Amino acid sequence: VLFLSLPLLLNPFQMIGQVFMLVDVPHHCNTSWIRAIGPNLTEEEQLNLTLPRDANGEYEQCSMYSPVDWDLSSIMEYGLNATEKCSSGWVYPSAQPPSLLTEFDLVCDRKDLNDISESIYMLGLLLGAIIFGPLSDRIGRRPIFLISILLQCLFAVGAAFVPHFYVYMAFRCVVGASVSGILITTLALATEWVGVSSRPKAVLISHCFVAVGQMLLAGLSYGIRNWRLLEIAGSAPMFALFFYIWVLPESARWLVTKGRIEEAKKLLQKAASINKRTIPPGLLEQLKPETQTKSGSTLDLFRKKHLWKLTLIMSCAWFSDSLVYYGLSLSVTSFGLDIYLTQLAFGAVELPARFCCIFLLQWFGRKKTQAALLLLSGLMCLTITGIPEDQPVATTVLAIIGKFTATASFSTSYVYAAELFPTVIRQTGVGLCSMSARVAGIMAPLIRLLGQYHRAIPMAIFGSAPVVGGLLCFLLPETRGTELVDNTGTAAPQSSRRPEILSKRDTTEDGVDLEKDV
């Protein structure tokens, strides 16, 4: 679980680190053309002659007076009237460290490229879910996990050296795909190596590392303002994980479903020796593949009524989780308070949110927890739409509560989905759910663009989806205390009640539920 969790420390940097590379700064059109006829003008005189002012008396940021071939005295006497868009670039504060915004001029007509690039990254997450989900069901969890780490290392660090913003977006798309591969294989390995009672803990402990990463992001982005150095600092540490090639095990449960029994036995014996336990030889010999087990496909999820019902509702839940989670995360600069403190609060609130899930899932079960958290996160966003713009503290407090419930809901979805889908198509099912979440992730930055028509529109949309998703979750079966299903023939997860002697054995040796064939 520790090895699976370490890559997730840097996950928040890839997810929302770009927000801190694009902090808005004062800017105005480059009007150096007037220096040719008035080389001795002060900066204030130059701006006063060449830039129009807005209704508040401030210099316009996206327009300038059209250059003329008059002499300086004529310009000062008659003034300029015709305006045009900035044609020679922009001028930024000289003390401003290089950022994505200043280096690639992501202002005025190019401002929307910020949200579009976030959507491109989310598109990468979607492609990763499409590619790596089914692939890890076919060739294994371990190779996909390692390949994803390698891709993230290479392209995330490479993004710090790109010469053009469009190349940057392409690199970010690949990074998104690799992050998706890491997330879904982490889920599979965590759930398939751990017994029933500790399954939620394994997944949610790994998610707690994401919360710690959120807080690290606030400190890292506050301390390093140069975007290229920040990109390297947030990505290069992944290279330290190259030793995973030798220490990370494959899922023994997956090996059993593929008929690779001897490999599974070796891994189980290694696990037992590390834990100073012994597996009775007779029990180990009874480990056999199920004769009906075969590789699953996406179509299997829609061939049986119980599976397509689970797939559609869980996809809707993941979509809602993602929409509200990224909607709030990417809006960190628009709540009116210091963005670094807000991000620190967002990260700090994620840690208890993910930790609380361990107890909420145990006390109230998966279904009620999932539904209640989705409904609460939706209600927080809907409440924000009614808060006046001059109340940034109230807006931020509601956003933090919404982030708490959205985070807890997302973590619940991971546990719930892993328990609902059978082993042979678990990664395919989770990958499909992840795809719906990534579609929401693609939409979230684009929905924020609607704020130019009315500031309440984005939050109204972010709040409505989880309310609908939460209500649908009441139609799902409960999986608390049930065994993982291995094939598609079983209608629902089965209760884990069993004879006392097997229950005791399960608490010490549960790798792939050896006792299920006894």
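Quick reminder: no glycine exception, Cβ is built from N, Cα and C everywhere.
Quantities reported herein were computed from a predicted structural model and do not represent experimental measurements.
Taken from TrEMBL as is:
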SIGNAL    1-17  signal peptide
DOMAIN    74-481  domain 'Major facilitator superfamily (MFS) profile'
TRANSMEM  119-136  transmembrane segment
TRANSMEM  143-162  transmembrane segment
TRANSMEM  168-190  transmembrane segment
TRANSMEM  202-224  transmembrane segment
TRANSMEM  236-256  transmembrane segment
TRANSMEM  307-328  transmembrane segment
TRANSMEM  340-364  transmembrane segment
TRANSMEM  371-387  transmembrane segment
TRANSMEM  393-417  transmembrane segment
TRANSMEM  429-450  transmembrane segment
TRANSMEM  456-476  transmembrane segment
REGION    485-518  region 'Disordered'
COMPBIAS  485-496  compositional bias 'Polar residues'
COMPBIAS  497-518  compositional bias 'Basic and acidic residues'
Most Cβ pairs under 8 Å with the transmembrane segment (393-417), selected from 143-162, 236-256, 307-328, 456-476: 307-328
Distal contacts, the transmembrane segment (119-136) - CB-CB under 8 A, six or more residues away: 14, 18, 143-145, 148, 169-170, 172-181, 184-185, 188, 297-298, 326, 427-428, 430-432, 434-435, 437-439, 441-446
Proximity verdict for the transmembrane segment (371-387) and the transmembrane segment (202-224), three or more C-beta pairs under 8 Å: no
Cβ contacts the transmembrane segment (307-328)/the transmembrane segment (456-476), at least three under 8 Å, sequence gap 6 or more: yes
Candidates 202-224, 236-256, 429-450, 456-476; stretch with most C-beta pairs under 8 Å toward the transmembrane segment (340-364): 202-224
Across the domain 'Major facilitator superfamily (MFS) profile' (74-481), average pLDDT on the 0 to 100 scale: 84
Spatial neighbours of the transmembrane segment (236-256) far in sequence, C-beta under 8 Å, 6+ residues away: 3, 6-7, 10, 137, 140-142, 145-146, 149, 152-153, 156-157, 188-189, 192-193, 263-264, 267-268, 270-271, 287, 289, 423, 484, 486, 511-513
Residues of the parent chain within Cβ reach of the transmembrane segment (456-476), under 8 Å, 6 or more residues beyond its termini: 309-310, 313-314, 316-317, 319-321, 323-324, 327-328, 331, 366-367, 370-375, 377-386, 406, 409, 416, 420, 440, 444, 447-448, 450
Surrounding residues of the transmembrane segment (168-190) on its own chain - C-beta under 8 Å, 6+ positions past either end: 1, 4-5, 7-8, 11, 14-15, 18, 100, 104, 116-117, 120-129, 131-133, 136, 141-142, 144-145, 147-152, 155-156, 158-159, 162, 199, 202-203, 206, 251, 254, 414, 417-418, 426-427, 430-431, 434, 438
